[in-house]
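Participant: In case it's useful when we look at the structure, here is the feature table from TrEMBL:
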type	residues	note
TRANSMEM	B:12-32	transmembrane segment
TRANSMEM	B:52-78	transmembrane segment
TRANSMEM	B:90-109	transmembrane segment
TRANSMEM	B:129-149	transmembrane segment
TRANSMEM	B:161-185	transmembrane segment
TRANSMEM	B:197-222	transmembrane segment
TRANSMEM	B:234-255	transmembrane segment
TRANSMEM	B:275-295	transmembrane segment
TRANSMEM	B:307-327	transmembrane segment
TRANSMEM	B:347-372	transmembrane segment
Amino acid sequence: MVRYGMVIDLDRCVGCAACAVACKAENSVTSSTPEDYKNRRLMEWNRVVTVFKGKFPNVSASIMPLICNHCEHPPCVKVCPVDATYKREDGLVLQRYERCIGCKYCMVACPYQQRFFNFYDQKKKYVERFEKEAEELKKENKNVPITYLEIPYHNPDVPSRISGIVEKCTFCRHRIDKAIAEGKKIGSPDGVEPACTQACPAKTRTFGDLDDPDSEVSRLLRSRRNYQLRADLGTEPQVYYLD
Amino acid sequence: MEYTKINGKSTGSYVLIGILAIMVAVGLYEFIQGMIQGHESFGTSNIVPWGLPITSVIFFIGASAGALMLSSLTYVFGKEEYKPVSRVSIFLAILLIIGALTTILGELGRPDRFMNLFLYGPGNLSSMFAVNSFLYTGYIILSIVYLWTTFRDDLLKITKLLGAMAATLAIFVHTGTGAIFGFIVAKELWFSPLLPILFIVAALTSGVALLILILTVTFKLIGYKMDEKLVVGLGKYLTAFLLLQLFLVFIENIVRTYGGMGGGEMSKFLFEGPYSFVFWGIQIIFGTVLPIIILSSKKTMIKVQIASLLAVIGVFAERFSLVIPGQSVPSQQVVGRTMMGLYGEPAVYSISGAEVAIILGVVGAIGIAYIIGLRFIKLLPSQP
């Protein structure tokens, strides 16, 4: 059996957030506005946070990239009333966007806040925003960059999301599916890997098959001390952190 | 006992229907806007995805279950003194549960895909939403049949049986509603086996209190005389339910404080955070302790009415301080370590006009259906 997972070595992480940028570009996750930030509606499949313990001057802090943990016992799958969120045989927790009714039950059930609601139509908002900016540029008699109107960027491999549904990290399923179809090797260091893993300049992340004893992830988990996020909740995350 | 329809052709009744219709129109407008534009105008966020509509959904379901359980006093336990209000309480229970389901529609991100619940729901019965959608449907159908049998004097035994079944189903319906929250391991304020029981007690409180309010106001408006003994009798039940509710809230919070799950962050937010006035002020003092004090003196009609109004507000505040503060604090990712900056801060939910409009629209629709029901169905007792 294949069971995909990720190992994140926190000793290597420099907190540059290249993974977050790569994820946004790869999965065409909508760019958030200042209002979204204020209203806590950020779309961040991948985010980099700092956790700390203690009071100054005795503080210990560490930078942590957070993604969907693709749990072995996912609470989001358990609560989905329309079976839109499901766990694939290879361990990926995925969604059928066309089935989601937007009840947001998975969002309250996820202990990791890794699910994001589409408060508006991503594509419509994108077009509206750039049309407005182009108009303003025209008023000032400046050149309008061609990217503003003619190439609304969207990765053709990733389905677009309409307003009113929930979305989340997919472990770049389109890359994995493509690799399976083309018979390529999957997993770090020399195979196909998710965009965040590929983008990391410090080789913080390692992606691969947790059930394969020869894979890089298994080797890392054997050799180093590791933990999962909120293992006390019994969700069995498939993303491991090395400390 | 004889029942009668109301005339309901006075100017006042048409004015009332007009006001309620405006509420429905505004609510419908906001609902359609939400469907076209998305929920951008809502006060919800990715941290607090459930807002005021869910609060009122569980309030409506609770009031419905409470009203139905109350009707079993007459039809199952044979307490004839409550017969004048039992039939109309079944009718109200049906309206309230349908109203609750309509509010859910207004809260869904894609209400046009509502049928998916019934198409794919059976595929994942570990979801309380899927289980509940079948429980609620069964409950509505059973209640309608139960209401119909109360019109037939030759079906007394069947009424009794159906009444017992409907009251049992009402308990399960509300247990299921409580389980929506009680099963969520991620939220420290929700994950509790006591929650379904607290929901049932709160249902009874709000059911009785809402029934007293609606019926006394209805009787006053159409010029009927309300039997004071009946209201005082219901007031006694209300006192008992309020005391039980206060006790359960006390037990649950003492466990939260003593156990201090997750560093006690979430209970601290409930007790001291920006919503603490809802918990301490409205729920505990204004909505529970004050009506108990009022009811513990000699009960009169007006006292019971005031206490009922306070109890209804108190139960709504109880729902609010469960749903909103329960979600507000982002849960810790590494136990014992705090997240720095925005990610670790509690999200404050601000009530938005769109959500209030949708809820008021549903209230308006329930009101119109109630007035029309009184005009065309023999629900109220005829005056001697």
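Heads up, the Cβ atoms here are built off N, Cα and C, so glycines get one too.
Predicted, not measured: the structure shown is a model, and the values here were computed from it.
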Participant: Cβ under 8 Å, sequence separation of at least 6 from the ends of the transmembrane segment (B:52-78): give me the contacting residues as numbers and ranges.
Facilitator: 43, 86-87, 89-90, 92-94, 96-97, 99-100, 103-104, 106-107, 136, 143, 150, 159-160, 163-164, 166-167, 170-171, 173-174, 177, 180, 199-200, 202-208, 210-211, 234, 237, 315-316, 319-320, 323-324, 351, 355-356, 358-359, 362
Participant: Within the same chain, where does the transmembrane segment (B:12-32) have neighbours whose Cβ lies under 8 angstroms from its own Cβ atoms, ignoring anything closer than 6 residues to its ends? I mean 6 or more beyond.
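Facilitator: Sequence-remote neighbours of the transmembrane segment (B:12-32) are 41, 105-106, 111, 221, 353-354, 357-365, 367-368, 371.
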Participant: Among B:161-185, B:197-222, B:275-295, B:307-327, B:347-372, which stretch has the most Cβ pairs under 8 Å to the transmembrane segment (B:234-255)?
Facilitator: B:197-222
